[in-house]
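*Asks:* Below are the features I grabbed from Swiss-Prot:
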BINDING   Tyr34, Tyr169, Gln173  L-tyrosine binding site
MOTIF     39-48  motif ''HIGH' region'
MOTIF     229-233  motif ''KMSKS' region'
BINDING   Lys232  ATP binding site
DOMAIN    352-418  domain 'S4 RNA-binding'
Amino acid sequence: MNIFEELKARGLVFQTTDEQALVKALTEGQVSYYTGYDPTADSLHLGHLVAILTSRRLQLAGHKPYALVGGATGLIGDPSFKDAERSLQTKETVLEWSDKIKGQLSTFLDFENGDNKAELVNNYDWFSQISFIDFLRDVGKYFTVNYMMSKDSVKKRIETGISYTEFAYQIMQGYDFYELNDKHNVTLQIGGSDQWGNMTAGTELLRKKADKTGHVMTVPLITDSTGKKFGKSEGNAVWLDADKTSPYEMYQFWLNVMDDDAVRFLKIFTFLSLDEIAEIETQFNAARHERLAQKTLAREVVTLVHGEEAYKQALNITEQLFAGNIKNLSANELKQGLSNVPNYHVQSIDNHNIVEILVAAKISPSKRQAREDVQNGAIYINGDRVQDLDYQLSNDDKIDDQLTVIRRGKKKYAVLTY
């Protein structure tokens, strides 16, 4: 099975320009290719991971990746399938975000070894050197307005309005391909399926300005089995930055993937072989309640993104919280595991009686209910049941001198901080 056949088998090929020519190029020698990442935030997220891992698969097959950070295009804003104009960021912000994204990409691509080691480029380096007049004369003349308006990404914005700034975005992305081909002999661009219009602007410019053929391959935008856009948890993006989405939160995200999606996601998001995945699928279908596919997915992706130690910590947090063993976890681990739990900051002047604290922290709705909860054995402090109405919180209840975990019943948690 050649690399293109494997990508197809994993569900990673959505659309290509001349497929036969692309397969020929990939099987006959080393291909230099690029994927672009606009710095629209200070971190990449799970939505970017499909293209990143596809790029890594091609590198493992001997091809040479260029990771393009869009320091210039990030200043403009991509209109593709957006309902409204993006807010423009300052140059300083975009350059800062660009540096952070460069650091994240080095986790996945090999920038050190071999003749196909990855290269980082930033399109701000060339766009900052081109005058507006030169750009119009040397690049703009190759694009008709009719051609630019025929793109689906633009059509959807015509009625609501699109600025010239965003309208010109596709020309800038097209010029990226031309520049990388001219300087580094890059002949293939990889990106999300929503980028098809912008990407083919590059092959068009190559053909007209340099009389060369370029290839484009898009990866699918991933949705779950209900058709919902994949990569968000509770409406929030799942970030690759551990400070924005903790390894534990990422682990839980993958653990909660639906049965109908789990095996498909193993093919897309892990480097397990297709034979290994087929074996997991057989075991998974025989005992779905054991969630083997989800557990494997969580292990593989968290290890890939954050490392083995982070995976082990996420697994330990999961197991200890499930067992109610709060005291077996550090304050930092509890902050990860209980990040979505209500917090109450205890002041030194507060009454530290258990009943008062339960009401103040909104664990129990009233003092009467709080007393009943304590007497009925429904209240736990750091995993230990408390039934004494006169119980006073003390330093002994602080984990690492930072927090106390209170549980009411089986599932209602609150974290007290000091």
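Sequential numbering from 1, following the chain as shown.
In case you wondered, yes, glycine gets a Cβ from its N, Cα and C as well.
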*Asks:* What parts of the chain pack near the motif ''HIGH' region' (39-48), using Cβ distances under 8 Å and only residues at least 6 beyond its ends?
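*Replies:* Non-local partners: 69-71, 74, 77, 86, 89, 94, 96-98, 100-101, 104-105, 192, 221-222, 230-231, 237-241, 244, 253.
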*Asks:* So for Gln173 (L-tyrosine binding site), how many other CB atoms are inside 10 Å of its CB?
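*Replies:* Around Gln173 (L-tyrosine binding site), other Cβ atoms within 10 Å: 28.
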*Asks:* Along the motif ''KMSKS' region' (229-233), what average pLDDT does this model show?
*Replies:* 73
*Asks:* Let me make sure I understand the span of the L-tyrosine site: among Tyr34, Tyr169, Gln173, what is the greatest distance between any two Cα atoms, in Å?
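*Replies:* Farthest-apart Cα atoms in Tyr34, Tyr169, Gln173 are separated by 18 Å.
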*Asks:* Quick one: give me the count of other CB atoms within 10 A of the CB of Tyr169 (L-tyrosine binding site).
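*Replies:* Taking every protein chain into account, the count is 26.
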*Asks:* Over the span of the motif ''HIGH' region' (39-48), count residues by DSSP class, listing helix, strand and coil in order.
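*Replies:* With helix first, then strand, then coil, the motif ''HIGH' region' (39-48) has 3 helix, 1 strand, 6 coil.
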*Asks:* Using DSSP, what's the helix, strand and coil tally for the domain 'S4 RNA-binding' (352-418)?
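*Replies:* So the counts come to 19 helix, 20 strand, 28 coil.
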*Asks:* Give me the long-range Cβ neighbours of Tyr34 (L-tyrosine binding site): same chain, 6+ apart, Cβ under 8 Å, in sequence order.
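*Replies:* Once residues fewer than 6 apart are set aside, Tyr34 (L-tyrosine binding site) is near Pro65, Tyr66, Ala67, Leu68, Val121, Asp176, Phe177, Leu180, Val186, Leu188, Gln189, Ile190.
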*Asks:* Does DSSP give Tyr169 (L-tyrosine binding site) helix, strand or coil?
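*Replies:* DSSP call for Tyr169 (L-tyrosine binding site): helix.
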